[in-house]
Ligand SMILES: Nc1nc2c(ncn2[C@@H]2O[C@H](COP(=O)(O)OP(=O)(O)OP(=O)(O)O)[C@@H](O)[C@H]2O)c(=O)[nH]1
Ligand SMILES: [Mg+2]
Ligand SMILES: [Zn+2]
């Protein structure tokens, strides 16, 4: 019997896939390892998921003659940003409060569709609040423009355009708006998120040439059945990555309170100083400049309704 000579090698890499208990780690020079965590894995993010797609990690690989494909995650670096889903306390077997869906993303891409499922601005506002609170750039994508003449949808989206958010209108069926989308992603690490059935996986398949599972009917069940169940990070031909996240129904606004919510509606910032009370919540107070601006049409009424809905919901989310 030949004596095996083993030696340990360490690599820096990024988690590019999460599958049950295992992770795929891709190093900067393109090596790919199947990895797992172990009780001694050092976390830079206590109280949160130990490892998630997008995490920067150090892995230990034991070389034993042939090229090794498996490794152990020794250390997870602190996250610069995180998309989080709140745990269902009834199903939460681990003690972590927050489940990280994707880490270190540089661009949040909320995807909506013109129809099927119908476009709801309330969800867009929720994403925007999250992005503003994390100081994360946003790109809004409206898919399935083939199902609409575009007039109504563009009218609904005009408010976001006026607020300075970039919007890409695409149709995968017609292959329209794709070049503009690729340009807008700009080599960054982007997280696509949105209701089930809006076409996230279909868009990502087209951008990356990878075949993610898509579904014809998932949104119709209305039960949050998602075709995509694990976050996957895929390289874009022109640089950067896209993360296909499961359609997020309960997007956690963990760091947002009734007190700071007002700062995440960017159009409130200019008028807020004119409110009668410096601590004005823009809900029931008299002499409120935000409410006046809504009355004048300076602030969009739908946006203000989203503010109120979030304001009153925040208490319950704690
Ligand atoms: N009409 C039309 N349908 C589209 C377009 N893009 C995607 N679809 C369809 O929309 C359905 C859902 O697409 P998916 O890519 O699975 O949606 P998803 O957002 O990934 O859904 P989950 O993984 O469940 O979150 C599929 O039947 C697609 O073929 C489009 O541009 N136009
Ligand atoms: Mg999908
Ligand atoms: Zn006010």
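Including glycine, each Cβ sits where the backbone N, Cα and C put it.
The following features are taken from TrEMBL:
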DOMAIN    94-251  domain 'CP-type G'
DOMAIN    103-249  domain 'EngC GTPase'
BINDING   143, 144, 145, 146, 194, 195, 196, 197, 198, 199, 200, 201, 202  GTP binding site
BINDING   275, 280, 282, 288  Zn(2+) binding site
**Request:** Select, from 143, 145, 196, 200, 202, each of the binding-site residues with a Cβ positioned under 6 A from at least one atom of ligand 1; if none does, say none.
**Result:** 143, 196, 200, 202
**Residue among binding-site residues 143, 196, 202 with least C-beta crowding, 10 angstrom cut-off** = 202
**Asked** Cα of residue 145 (GTP binding site) to Cα of residue 282 (Zn(2+) binding site): how many Å, rounded?
**Response** 36
**Prompt:** Looking only at 198, 200, 275, 282, 288, which of these binding-site residues has the biggest number of Cβ atoms within 10 Å around its Cβ?
**Reply:** 200
**Prompt:** Within 8 Å of the Cβ centroid of the Zn(2+) site residues 275, 280, 282, 288, which other residues of the same chain have their Cβ?
**Reply:** 272, 276, 277, 281, 283, 285, 287, 289, 290, 291
**Message:** I want to verify one value. Collapsing DSSP to three states, which class is residue 194 (GTP binding site)?
**Reply:** coil
**Message:** Between C-alpha atoms, which of these binding-site residues comes nearest to residue 200 (GTP binding site): 275, 282, 288?
**Reply:** 282
**Asked** How big is the gap, in Å, between the Cα of residue 194 (GTP binding site) and that of residue 282 (Zn(2+) binding site), rounded to a whole number?
**Response** 29
**Message:** Between residue 198 (GTP binding site) and residue 282 (Zn(2+) binding site), how many Å separate their Cα atoms?
**Reply:** 33
